[in-house]
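The structure under discussion appears below in the form of structure tokens.
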């Protein structure tokens with residue numbers, strides 16, 4: 001409950017900041033959307049950094065490091081330090097100067113002028129809004145997950161289905177409303193101030209989290225040495241032989257369990273007698289909950305108590321791992337045995353673990369503050385549903401196979417940060433700058449700020465793989481990556497500190513959401529309503545009103561999606577960024593290539609959107625986190641395809657008029 | 001100097017790949033994985049390169065833009 005109060009106070013502070021900044025609001029749409037070009041270097045740095053660092057940076061990076069190891073930093077953070085600043089330097093300053101001179105508020109206004117094409121907005125608007133929605137989704141989803149994890153057990157009798165904490169749908173809703181309110185009142189100025197405040201909050205609290213967690217794990221050295229001993233592959237990008245051996249052993253045991261369960265539950269050809277069970281338990285040293293099945297499986301296999309055909313073994317593996325059983329069953333799996341990677345080609349059944357865990361552990365599940373056995377407190381507390389799910393996954397599903405990071409994938413990740421060049425919300429932030437010199441501080445400090453936020457997050461995520469807490473592993477196998485940071489904060493800190501640290505995580509999330517909310521409202525009014533309705537048709541008040549209404553509609557749609565969305569934050573983020581990156585060649589050429597034509601841009605945009613849709617579908621709409629195309633990140637193909645189409649078509653179509661070229665390239 | 005800066009950026013991109021640390025799990029200072037330390041060094045290197053860019057390759061001519069009032073702000077003002 002203490003955590004909930006602290007989060008409540010923090011959200012109230014934000015609302016106050018939004019209302020306060022509205023007192024400086026000049027009442028014009030220009031002031032609402034661009035803060036009248038009044039933002040100085042420090043505010044610009046903090047607002048740009050706060051906007052680019054989202055749930056993806058905190059929740060996603062620690063979760064992905066937990067899954068993939070320290071290579072995650074090089075894959076995305078250090079490359080972003082180079083590429084983001086390159087985009088600010090090469091694109092931001094030029095676009096700011098044209099925005100200042102010619103009065104642009106959105107990217108589409110710039111493209112219309114630069115390409116002499118009124119219709120470019122019709123194709124770009126839905127694409128940009130369509131890509132901002134998954135970006136918003138990441139923030140909305142993560143905020144719900146974080147609040148839910150941290151408030152587990154906060155209520156005595158309400159929300160039993162959510163472990164007596166705030167349900168994710170409610171957490172997401174509250175965060176969306178708070179951000180909506182301060183964006184409504186404060187506009188761009190409020191957003192820049194709130195971003196600055198929140199960036200300071202999440203950077204400071206991020207460092208505090210890091211120090212507290214490392215102390216709880218016995219210090220920096222102890223935390224890292226535990227990884228070196230138990231999961232050495234997480235400290236590099238190749239697979240350590242020790243991890244490979246441990247995995248082989250675990251997978252072997254798991255196949256025994258799968259076969260035993262299949263013979264016992266499906267074929268019903270095996271039932272151990274009481275004596276056999278007693279014998280099995282006697283020989284087994286329990287190490288984790290639900291160990292009995294493992295003991296029985298090992299005993300049954302050792303004593304050859306059952307025999308299965310190849311087809312039955314393969315069905316046993318699929319059943320044990322909750323995979324969809326192919327129908328008809330493939331001929332090849334009637335002859336040969338599946339390996340783990342073959343098994344992974346069949347998707348897991350939706351909600352299988354939820355139903356089974358709640359059934360198997362029904363007696364253990366309850367309020368996490370209540371005793372499991374009221375007559376014997378030494379048996380511990382009731383299990384949360386999350387814990388039951390965790391125990392089910394750990395004891396039922398196949399162990400994760402250690403895998404190296406592909407060099408080609410690592411290299412082609414470099415294309416992902418190019419997305420910054422095309423983020424509509426970042427374009428709008430660039431335009432708020434007071435002068436070109438305002439960009440100097442963000443260009444230099446951005447890579448350092450990324451390092452300050454990402455290095456601790458990646459280390460914490462890696463430590464989580466091997467950490468012990470109160471004598472047991474901190475996380476069981478298959479623990480959901482998105483919940484790693486919040487769970488560590490909850491388990492390893494006091495309620496007061498957990499409340500503050502949660503506020504820090506929410507700060508990072510909200511500092512991106514606000515800019516995105518504002519930018520979609522701006523795009524709608526400027527690029528659609530004012531552009532097609534006529535400049536003098538609406539008063540400034542009406543424009544601001546319409547921007548606010550459109551924001552509500554988009555937030556409602558996004559919120560609706562968040563209720564259905566099960567994908568990993570990191571994977572979804574990468575797809576969203578990849579879409580923006582595939583449009584990067586267009587903005588770059590518009591700024592530096594005089595020969596660029598509107599037909600070339602149409603070709604580039606269509607190829608970018610087409611290739612994105614095709615590859616996104618191939619990757620099962622982000623449900624397959626390991627999807628690559630030609631062994632590379634799909635973004636590489638999209639960027640190259642879009643750049644090629646744009647270049648070829650531009651070269652064979654008439655160049656832009658002399659007036660346009662003089663307007664944008666006067667020095668030549 | 002502008003080309004030197006761009007050359008340094010390309011160099012950063014090349015050394016970012018660090019194939020030579022792919023299977024190195026050493027901990028530096030007792031806790032810091034070497035590959036993470038190296039990549040954090042790339043971030044520091046990037047900040048240095050961008051600092052040099054602001055000193056020696058800054059587009060100073062664009063700073064003159066602010067000597068004129070912003071375009072649409074004028075329009076908005078007229079409208080009001």
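First residue shown is number 1, and so on along the chain.
Backbone N, Cα and C atoms are what each Cβ position is placed from, and that goes for glycine too.
Among the features that TrEMBL reports, transmembrane segment is placed at A:6-25, A:37-59, A:71-93, A:166-185, A:192-213, A:408-427, A:448-472, A:492-513, A:545-564, A:570-592, A:599-617, A:629-653 (among others).
Residues 29, 32-33, 129, 132-133, 136-137, 140-141, 144, 169, 172-173, 176, 180, 183-184, 517-518, 520-522, 524-525, 529, 538 of the same chain, all 6+ positions outside the transmembrane segment (A:545-564), place their C-beta atoms under 8 angstroms from a C-beta of that stretch. Between the transmembrane segment (A:629-653) and the transmembrane segment (A:37-59) there are fewer than 3 Cβ pairs closer than 8 Å, counting only pairs 6 or more residues apart in sequence, which means the two stretches are not in contact. Across A:166-185, A:408-427, A:448-472, A:570-592, A:599-617, the stretch most heavily in contact with the transmembrane segment (A:37-59), judged by Cβ pairs under 8 Å, is A:448-472. The stretches the transmembrane segment (A:570-592) and the transmembrane segment (A:71-93) meet in space: the count of Cβ pairs below 8 angstroms, excluding pairs fewer than 6 apart in sequence, reaches at least three. Below 8 A, the CB atoms of the transmembrane segment (A:408-427) and the transmembrane segment (A:71-93) form 3+ pairs separated by six or more positions in the chain. Per-stretch counts of Cβ pairs under 8 Å to the transmembrane segment (A:192-213) identify A:492-513 as the leading one among A:71-93, A:448-472, A:492-513. Of the candidate ranges A:71-93, A:166-185, A:492-513, A:71-93 contributes the most Cβ pairs within a distance under 8 Å of the transmembrane segment (A:448-472). Outside the transmembrane segment (A:492-513), and at least 6 residues removed from its termini, the chain residues within Cβ reach (under 8 Å) are 2-7, 10-11, 14, 50-55, 57-59, 135-136, 139-140, 142-143, 146-147, 150, 175-176, 178-179, 194-195, 197-199, 201-202, 204-206, 208-209, 212-213, 216-217, 453, 469, 485-486.
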